[in-house]
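First the structure, then my questions, so here it is.
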Amino acid sequence: MLSSLIRDSFPLLILLPTFLAALGASVAGGVMGTYIVVKRIVSISGSISHAILGGIGLTLWIQYKLHLSFFPMYGAIVGAIFLALCIGKIHLKYQEREDSLIAMIWSVGMAIGIIFISRLPTFNGELINFLFGNILWVTPSDLYSLGIFDLLVLGIVVLCHTRFLALCFDERYTALNHCSVQLWYFLLLVLTAITIVMLIYVMGTILMLSMLVLPVAIACRFSYKMTRIMFISVLLNILCSFSGICIAYCLDFPVGPTISLLMGLGYTASLCVKKRYNPSTPSPVSPEINTNV
């Protein structure tokens, strides 16, 4: 009786788990998205997000064949980390053919996922959640897992920000300081893979890049300091995701596309606003500059 009265009086309270999940994904997406844009590995992130369908399909097939019940997110994370390490090795060893090899991993990963999914007896509703996102159905166990991964990503970023900063702007400088470029690059890609899986729960595989890239692109128009870009990106992610959830709930729209549209409108608006700094002001995506932290 009391719970129904509270739901009727404050309908948005039932969305509290959804807002918490969006908050965690927004923070991780804003922070890691900054490294991704500055390092110019957006295409790598896109290939991971789409090729991860292979890990999802394999996980669902194993669940069906062995009659197991476990969180599909774990299979997605294992697949994402494996793909990140493969792509990292490709980047470091075959840079001249990086684009073609990334496209190969992108398409092959999706093909493997589709093959495994086709072997399932019935269509699995969780697949739609991974493709298009369905944060409205987040469970307490989902929140715990997202919280753990969020703390893991942010903790490593706090400890290793200086190394990541040097890696993003000058790999040779990192090597000259007796730091393993391969180690730090792999770690950056692994954190990116974990963040991608977190964002998939909010936006889905198809629309995830809008939450990872567009807020950073907007922030780069108003600042060139990495920490400030991260802060602005996190705020934009929170604003767009919370607004998108409320709009989707009120208008009965899907949440992921609603958030993606808000991100796109925000980026379009930023293009129309006069830049606060002189056009000659260096941007963090320019590899030749020595940026402030």
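Every residue gets a Cβ built from N, Cα and C, even glycine.
Okay, these came from Swiss-Prot:
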TRANSMEM  12-32  transmembrane segment
TRANSMEM  41-61  transmembrane segment
TRANSMEM  68-88  transmembrane segment
TRANSMEM  101-121  transmembrane segment
TRANSMEM  140-160  transmembrane segment
TRANSMEM  183-203  transmembrane segment
TRANSMEM  253-273  transmembrane segment
Under 8 angstroms, Cβ to Cβ: which one of 41-61, 68-88, 101-121, 140-160 has the largest number of such pairs with the transmembrane segment (12-32)?
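Result: 140-160.
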The transmembrane segment (183-203) and the transmembrane segment (41-61): do they have three or more Cβ pairs under 8 Å, with pairs 6 or more apart in sequence?
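When sequence-distant Cβ pairs are counted, the transmembrane segment (183-203) touches the transmembrane segment (41-61), since at least 3 lie under 8 Å.
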Taking residues 6+ outside the transmembrane segment (68-88), which of them lie with a CB under 8 Å of any CB in it?
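Contacts with the transmembrane segment (68-88): 44, 47-48, 51-52, 54-56, 58-60, 62, 101-102, 105, 109, 126, 130, 141-142, 145, 149, 182, 185-186, 189-190, 192-194, 196-197, 200-201.
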Would you mind listing the long-range same-chain contacts of the transmembrane segment (183-203), meaning Cβ under 8 Å and 6+ residues beyond its ends?
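Sequence-distant neighbours of the transmembrane segment (183-203): 21-22, 24-25, 28-29, 32-33, 35-36, 39, 41, 44-45, 48-49, 52, 73, 76-77, 80-81, 83-85, 87-88, 91-92, 129-130, 133, 135, 138, 142, 146, 149-150, 152-153, 156-157, 160, 163-164, 167, 171, 174, 210-212, 241, 255-256, 259-260.
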